[in-house]
Each structure stands twice: as C-alpha cells, then as structure tokens.
Amino acid sequence: MTHATAQPLYDTYNRAALRFERGEGVWLITDQGDRYLDFAAGIAVNSLGHAHPHLVNALKTQADKLWHVSNVYEIPDQDRLGQRLVDNTFADKVFFTNSGAEALECAIKTARRYHYVNGHPERYRIITFEGAFHGRTLATIAAGGQAKYLEGFGPKVEGFDQVPFGDEKALKAAITPETAAILIEPVQGEGGLRPVPEESLRALRKICDDNGLLLILDEVQCGVGRTGKFFAHEWAGVTPDIVAVAKGIGGGFPMGACLATAEAAKGMTAGVHGTTYGGNPLAMAVGNAVLDVVLADGFLDHVRQIALHFKQGLASIVDRYPDVVSEVRGRGLLIGLKCVVPNTALIQALRDEHLLSVGAGDNVLRLLPPLIVTEDEAREGLARIETACERLSVANKQKSA
Ligand SMILES: *Cc1c(COP(=O)(O)O)cnc(C)c1O
C-alpha cells in the first residue's frame, strides 16, 4: 500500500513535513528537537504563546473539577467571562461558540432576527466585501464570497451581496429595502492584511445609521489585543452593533464568542439559537485566564511598543531587498509583508531559517507573533527574516545574471 492511499485523513490540507512535540513561549520544538520561532502562532490563535503557565494552570485546575455540563445549567465562569467582555467592550450581551465560523453564524442570525422582531422579516441580506474571509461553513463561505471556497458545494447560501473593498459608491448602491447589515473585518486577514482606513470604518457606521442597518465586525483574527487595542475597531472610535470573536481569545483552546448590543441582540430569545459545547467550563477557564493577561495594566502598551519596533525593522528590510518584499502592511502584531517573489518561496526560506509564518491572499506573507513576544525575540525574528530575504535576493540576481 502506498502512503497516499493508506493515510486516513481527508486530503484537505497540504501539510508541511514538520512535527511539533512541544512549545515554550514563542518557540515550537519538533520531535527531532529542532527549535522554530513561531511567528504564525497557530494563525493568530496562540496569543500568549505556547504553554503559558497561567493558561496551563487554569486548564489543569478546571480539568480536575468539571469539563462539561451543557447549557441546560448555569455555568458561573461563562457569566464571569461574559461580564468581563461586557465591562471592557461596546457589548451588552455575549453568546459563546467553539470557533470563528460559529461566532459569525451567530452574528448573522442575530442581525436577521433583529429585523424579524422589528417586523421586517424581508430584511435579511448582508453586504460583505471582496477579499473577505469569514469561515468555512455554508453561510460563511457565502459571506466570504470567494469562488475557490464555494465551488462544488451546491447553491450558495442566499442573502449575501458582495461589493469591492473600499468602494463606498458600490456599497451605497448595493443597499436595498432587504438589507439587514454590513459585515466587515476591520483588518482583512486571509485577504492580505488590508486594514480598513479609520475614516472608512466611521463612514460605514454612518451609512448603517442612515439606513437602519446593523454594523457587524469580524474580529476573529484582529481582535483580543492583536492590533494593540482590545478590539481593532477601537482605533477608529466606532461602536459596532455585533462583533464576532475567536482565535486569540482561547489562546489555543477552541472557543469563540458573538458580542452584541442589547438592542441588536433583542431577537435572540430563549430557544432560537444554541450550541452543545459553546461556553463549556474548560473553554471558559482558559478564556478567563487569557483575559487576565490581555487586560492587565500595560499589556496592550507592550503589544503596541513591540509592533512599532518590529515594523520599523521590517521596513528597513523592505528598503534593502526590494526585489523580494515591497511593503509592510497591517496593524499592531497583525503584520503582512507584500512579496515580490512568490509568498510561498519566502515562507519556505523563512522555514529554512527556523521561523514560521503564514501565507495570505494578494501574495502577502503574514507575521503573527504571539503577543508576549519580547524585544529580543522580535530582533531574533528580524535577523532570520533578513537572512531569508538576502538569500532570495542573491538567488534572484544569479537568475537574472
Ligand atoms: C479564522 C477566521 C474565521 C474562521 O474561524 P474558524 O475558527 O476557523 O471557524 C473567520 N473570520 C476571520 C477573520 C478569520 O480570520
């Protein structure tokens, strides 16, 4: 039997031939004992790095007491985490999920129910943007609108209208009496690290207010401290109606949340939505532990400070290797390097330097260090990125010579 026919897993991933056995902070260690600087962080998930003592302790302590009871009963740590999210954000209400896509599903359902209980069941359509990524469920691939994710899965879920990113005229033209909401990532992650300009986000808020629409933000990747504020939308000073969260809030434990104002959530009454696992005691123990760290005095200052130095270093690399990389993008520690070479070539060259990164759309390389990264570790990362760029640049020159 060949390896290809013997392997039991769906062939949905092209996996790198690396097997990690353990992690320590920003480092991942393979089963061969090789150490890699992890600037992918499980795709913006390991916000506090690997094996953070406070998270390990929270999970172990909870594991000894109680794992799961279902949402039939009260879960005190769910109330506590919900209250902390309410106290520290725009939100009045929270629904816990297991993933980002489920947080988005809840956000979409919340927006539709809002109009339904307002006597407008016809208002169910949601405007989204080209290059968006909202997850892989049937509704969220329809929301993301990317052909490569929709192909072969039957009719696209109804009710999503996509407009070009940054095209306010097209957006206004897309609003109809059936429109319920606008859904956008404050910083496009998968799409290539494109931040929505602050004035555009404020303009979206106004368009929503003028047309009775809800503003839904997908902060699954950019939320929970990643940009140097708890939520990326805080930079623009806008107040959303609904926000989807996941990734960083669990620090590696699968969890997500949908946050909403009391008004936006008013249609989500007993029995209309549910989840078996969402908000279970294990997830809540870890989520509360993540907030202990992220909300501590000075933590977000640290993220902003490191991000500034790291980006300055990257800008100098862009200056010196313009045949390899052309631009630094993103916000805080949600960083993109626009590549001149194929981004896959740079990802491989970085992996050869034992630094892990992730690709994104628009030929961008994503750098998502854990938020606990120190100045020294960031410098070490920059040195490795510099070496990789230098090697690719030398190879470029040899090719053209
Ligand atoms: C990852 C991601 C999702 C989907 O989250 P899952 O946990 O994979 O379902 C949704 N939106 C954005 C912006 C993401 O980055």
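We count from 1, first residue shown onward.
Glycine residues also receive a Cβ, built from the backbone N, Cα and C atoms like all the rest.
Unlike curated entries, TrEMBL annotations are predicted automatically.
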Exercise. Among Phe133, Phe153, Phe310, which residue does TrEMBL name as a further pyridoxal 5'-phosphate binder in the site formed by Gly100, Ala101, Asp218, Glu219, Val220, Gln221, Thr276?
Worked result: Phe133
For this session: Let me know how many other Cβ atoms fall within 10 Å of the Cβ of Asp218 (pyridoxal 5'-phosphate binding site).
Result: 32
For this session: Using only the residues recorded as binding pyridoxal 5'-phosphate (Gly100, Ala101, Phe133, Asp218, Glu219, Val220, Gln221, Thr276), report the maximum Cα-Cα distance in Å, whole number please.
Result: 25
Problem set entry | Conformational class of Lys247 (N6-(pyridoxal phosphate)lysine) under the three-state DSSP mapping | helix
Problem set entry | Of Gly100, Ala101, Gln221, Thr276 (the binding-site residues), the residue whose Cβ has the fewest other Cβ atoms within 10 Å | Thr276
Seminar exercise, completed: Those binding-site residues among Gly100, Thr275, Thr276 lining ligand 1, judged by a Cβ under 6 Å from any of its atoms, are Gly100
Exercise. Cα distance, Ala101 (pyridoxal 5'-phosphate binding site) to Thr275 (N(2)-acetyl-L-ornithine binding site), nearest Å?
Worked result: 13
Exercise. Over all shown protein chains, what is the count of other CB atoms within 10 A of the CB belonging to Phe133 (pyridoxal 5'-phosphate binding site)?
Worked result: 23
